[in-house]
Amino acid sequence: MNENIDKDFSSHTPMMQQYLKLKAQHPEILLFYRMGDFYELFYDDAKRASQLLDISLTKRGASAGEPIPMAGIPYHAVENYLAKLVNQGESVAICEQIGDPATSKGPVERKVVRIVTPGTISDEALLQERQDNLLAAIWQDSKGFGYATLDISSGRFRLSEPADRETMAAELQRTNPAELLYAEDFAEMSLIEGRRGLRRRPLWEFEIDTARQQLNLQFGTRDLVGFGVENAPRGLCAAGCLLQYAKDTQRTTLPHIRSITMEREQDSIIMDAATRRNLEITQNLAGGAENTLASVLDCTVTPMGSRMLKRWLHMPVRDTRVLLERQQTIGALQDFTAELQPVLRQVGDLERILARLALRTARPRDLARMRHAFQQLPELRAQLETVDSAPVQALREKMGEFAELRDLLERAIIDTPPVLVRDGGVIASGYNEELDEWRALADGATDYLERLEVRERERTGLDTLKVGFNAVHGYYIQISRGQSHLAPINYMRRQTLKNAERYIIPELKEYEDKVLTSKGKALALEKQLYEELFDLLLPHLEALQQSASALAELDVLVNLAERAYTLNYTCPTFIDKPGIRITEGRHPVVEQVLNEPFIANPLNLSPQRRMLIITGPNMGGKSTYMRQTALIALMAYIGSYVPAQKVEIGPIDRIFTRVGAADDLASGRSTFMVEMTETANILHNATEYSLVLMDEIGRGTSTYDGLSLAWACAENLANKIKALTLFATHYFELTQLPEKMEGVANVHLDALEHGDTIAFMHSVQDGAASKSYGLAVAALAGVPKEVIKRARQKLRELESISPNAAATQVDGTQMSLLSVPEEISPAVEALENLDPDSLTPRQALEWIYRLKSLV
């Protein structure tokens with residue numbers, strides 16, 4: 001708002017005084033001020049809106065002697081404009097006319113009826129269908145952080161108490177809130193800077209006693225012991241602020257928020273922000289959703305199922321009872337997916353419809369969709385009855401039937417209702433006798449008008465006479481200009497057109513009053529009956545929410561059963577001791593995008609074999625092999641089947657990845673600094689139950705520094721921490737580690753080279769790689785031939801300095817990036833290195849195809 005606007009408002013017109021008083025209550029956000037068929041914005045709001053929405057900036061008269069900048073949007077298109085603003089992180093106060101213009105003296109009474117913010121939206125048009133939309137609050141004191149999240153579109157309310165900065169950063173990455181509330185004295189601003197939807201809140205909103213009082217009031221409880229959050233003061237501070245903000249913005253009760261859950265670190269596998277990013281769980285490194293784990297696993301048929309699956313993927317559980325139950329359910333459902341999925345698809349997004357019901361913002365089509373969901377329940381229950389699985393039967397019971405509510409909605413709502421109740425025509429005929437009577441009066445107009453037109457034509461003999469209606473002038477009798485001089489004396493002129501005259505007669509005027517009254521009465525009664533439907537449905541809200549949750553879970557499990565069958569996944573076995581044994585493991589995403597068969601590989605990690613030093617050429621598949629191990633572990637710990645022939649997996653508490661790096665220029669951190677920060681986090685927090693992926697540690701600095709750091713890190717992980725570690729490196733010295741300490745083994749990925757060409761085998765073999773094939777990879781990448789030629793010359797010089805260079809490495813510190821070309825056929829070389837006795841029939845067949853391609 002302009003600073004020069006008069007603060008006492010007295011110099012402004014009455015309408016602008018009303019606007020300015022309302023705007024003063026919401027200074028930080030845009031105010032949509034309803035005027036007739038438009039929402040208007042004034043002053044700085046108008047200037048901002050015109051830029052954000054690309055709409056015209058005009059002026060509206062003057063107030064206090066100054067022209068008023070103005071922008072406006074039609075009320076019927078408001079959802080589209082709100083969606084644009086919310087996507088840009090803006091919040092909007094919606095101000096409606098609540099008084100009657102006919103009876104108002106001065107400006108019509110108006111008030112703000114709701115505030116739309118990025119984290120508190122529930123409207124279907126504003127939400128991403130298959131993603132959670134979270135409001136979050138963060139609090140910090142000397143003991144750590146408090147963090148709370150609320151999905152207002154489902155009522156899911158969670159809190160946690162991250163102990164340190166890294167854990168807090170991981171939580172922010174996992175939950176990715178649309179809006180984040182923070183205290184005005186929040187110390188760790190660098191943690192949240194740059195995030196969307198940041199909202200600074202006063203300190204008193206985070207007060208612990210107020211928080212307890214707010215939460216008890218919301219849940220109708222005397223204390224919070226039953227929710228297991230009583231001893232989480234930091235989390236409660238965040239939750240209290242969050243709940244108050246939700247109430248302030250919605251301007252109504254929130255009956256669908258009926259509990260709060262504590263999320264504890266020990267309940268799930270912890271993944272830091274870097275790990276979530278590197279594993280590309282729901283978002284790829286470019287920020288998109290293609291070629292992610294979710295893109296392969298998510299063939300759910302309901303939006304609420306899709307959102308639940310993504311929550312599972314970001315919070316793998318450690319409770320093997322839960323996991324075994326999910327595995328059993330997936331196994332039991334495999335023969336039923338084709339029958340269940342088409343019916344589940346018809347259920348739709350019941351979860352979000354129920355939230356809108358609770359907020360009393362559900363539209364007629366929401367109730368029609370709810371009715372359609374209820375109509376699927378009998379068939380779903382009948383199909384599930386034959387499934388021999390206790391967890392499936394438990395879900396079937398939770399689903400309920402709701403025959404009474406289905407019957408109510410079938411009687412009350414027409415088959416295909418309009419978008420808004422204000423347009424009428426929502427309540428079905430036969431539901432309410434009085435409504436039917438008023439409608440009959442209003443609908444009888446057509447017959448009456450046709451009869452009147454025939455009668456008057458016959459009486460007057462005027463063939464151009466017709467009876468009509470428009471919204472401005474009401475009912476009329478129209479006669480062409482050529483015959484208007486013959487109009488009877490009792491015809492009173494109502495409107496003159498270019499080619500016709502319009503008249504009214506007392507009988508038509510009387511009927512008009514009657515029809516318009518009956519239409520108004522019918523519409524008012526219809527709105528009342530619609531509100532009463534909410535009162536009839538809301539007592540069942542808790543059972544309905546349980547049903548939606550059960551249907552979403554069923555969708556996820558049926559989806560995982562279908563994926564397991566279609567993609568040839570196997571059920572993993574959980575074992576008590578740390579370790580991972582994989583037979584013919586595959587990368588779930590890479591195998592889907594390859595145009596050729598994926599080369600499956602084994603893996604064996606155990607207390608006796610805790611670390612694998614992985615060597616081999618760039619592009620040879622080291623990173624794929626490492627990531628597929630982490631993804632198989634993650635999939636196993638959501639209860640899913642996995643891409644392998646056989647998997648045995650022990651307890652895992654954390655998954656760490658130090659894979660690739662880019663400069664974090666915004667924070668002033670180089671590639672090497674980023675790498676070392678992530679490495680420090682691993683060395684401080686990994687345990688013997690952690691799975692650690694380390695790729696090319698130390699390459700961001702000088703050779704000797706890098707090698708020393710890589711050696712020390714590997715030694716620490718293997719000897720002290722004893723974590724299950726995959727350690728990929730180009731430092732050939734590290735392949736000596738197995739000789740110097742127990743529990744370490746070498747594996748390598750092979751390649752065949754001929755001149756400037758190279759064939760990657762992508763198969764993991766025991767032992768260290770003999771060379772790095774850097775020259776061939778460089779040629780493959782399109783490095784100019786003269787550069788490759790000069791590199792060969794330089795390599796010969798280096799070899800002459802170090803006679804054993806070919807057998808060892810340049811300067812004895814780093815695997816050779818360049819290799820002397822050998823004029824041996826790659827097929828011959830392949831055969832020389834081949835041990836035929838070690839091949840399975842399938843591998844032998846694969847080798848024949850490879851050799852054929854090398855000739």
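For all residues, glycine too, the Cβ spot is worked out from N, Cα and C.
For the recorded site, P617 (ATP binding site), the DSSP three-state label reads coil. Feature annotation from Swiss-Prot assigns ATP binding site to G616, P617, N618, M619, G620, G621, K622, S623.
A sphere of 10 angstroms centred on the C-beta of G620 (ATP binding site) encloses 26 other C-beta atoms.
Take the CB of M619 (ATP binding site) and look out to 10 A: across all protein chains shown you find 18 other CB atoms. In sequence order, L749, A751, F760 are the same-chain residues whose CB sits within 8 A of the CB centroid of G616, P617, N618, M619, G620, G621, K622, S623, the residues recorded for ATP being left out.
Around the Cβ of N618 (ATP binding site), a 10 Å sphere holds 20 further Cβ atoms from the protein chains shown. A simple way to gauge crowding: the CB of G616 (ATP binding site) has 29 other CB atoms within 10 angstroms, across all the protein chains here. Within 10 Å of the Cβ of S623 (ATP binding site) there are 20 other Cβ atoms, across all protein chains.
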